[in-house]
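Q: Sharing a structure below in structure tokens format, with a few things to ask.
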Amino acid sequence: MARTKQTARKATAWQAPRKPLATKAARKRASPTGGIKKPHRYKPGTLALREIRKYQKSTQLLLRKLPFQRLVREIAQAISPDLRFQSAAIGALQEASEAYLVQLFEDTNLCAIHARRVTIMPRDMQLARRLRGEGAGEPTLLGNLAL
């Protein structure tokens with residue numbers, strides 16, 4: 001058994017004796033952080049790029065089906081209270097909506113890059129819509145609804 005350093009002190013009834021100090025060799029082997037391993041961290045942007053590649057490869061819908069369905073029904077309720085939808089119709093609406101949004105965000109990103117930025121801003125989206133001929137400032141059906 002390896003020898004350890006001991007300190008001389010008077011033992012009292014209310015104090016428990018302390019553990020012996022570690023030897024020099026044991027102290028050298030122990031890491032300064034106490035042996036706790038830090039979790040691996042990727043460089044900023046690495047995970048974002050991985051996520052972009054993942055979603056560009058996939059063909060699945062990006063929006064959840066039930067929240068989208070509730071939104072469609074809520075908007076339709078404001079127009080006509082007794083509308084009913086087939087599930088295929090809501091699926092087609094979701095496909096078209098997601099295709100529109102993805103294309104809009106691509107155009108918005110191009111507008112931000114044109115302005116020598118990497119962060120998209122509302123003005124980029126307004127410019128993208130204006131260039132498409134949709135009109136950024138025009139009130140839409142969604143803009144008139146109190147959602």
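The backbone N, Cα and C atoms fix where each Cβ goes, and this holds for glycine too.
So Swiss-Prot has the following annotated:
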COMPBIAS  1-16  compositional bias 'Low complexity'
REGION    1-43  region 'Disordered'
MOD_RES   LYS5  N6-methyllysine
MOD_RES   GLN6  5-glutamyl serotonin
MOD_RES   LYS10  N6,N6-dimethyllysine
MOD_RES   ARG18  citrulline
MOD_RES   ARG18  asymmetric dimethylarginine
MOD_RES   LYS19  N6-lactoyllysine
MOD_RES   ARG27  citrulline
MOD_RES   LYS28  N6,N6-dimethyllysine
MOD_RES   LYS37  N6,N6,N6-trimethyllysine
MOD_RES   LYS37  N6-(2-hydroxyisobutyryl)lysine
MOD_RES   LYS57  N6,N6,N6-trimethyllysine
MOD_RES   LYS65  N6-methyllysine
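Help me understand the surroundings of these features in the structure.
A: In three-state terms derived from DSSP, GLN6 (5-glutamyl serotonin) belongs to neither a helical nor a strand segment and is classed as coil.
Annotation for LYS37 (N6,N6,N6-trimethyllysine): no same-chain Cβ neighbours under 8 Å separated by at least 6 residues are found.
Residue environment of LYS57 (N6,N6,N6-trimethyllysine) contains 7 other Cβ atoms, counted within 10 Å of its Cβ in all protein chains.
If you draw a 10 Å sphere around the CB of LYS65 (N6-methyllysine), it holds 12 other CB atoms from the protein chains shown.
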Q: Can you see whether DSSP assigns LYS65 (N6-methyllysine) to helix, strand or coil?
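A: Its secondary structure by DSSP: helix.
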Q: Within 10 Å of LYS65 (N6-methyllysine) (Cα-Cα), which of the modified residues LYS5, GLN6, LYS57?
A: none
Q: What's the number of neighbouring CB atoms sitting within 10 A of the CB on LYS5 (N6-methyllysine)?
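A: The answer is 9 other Cβ atoms.
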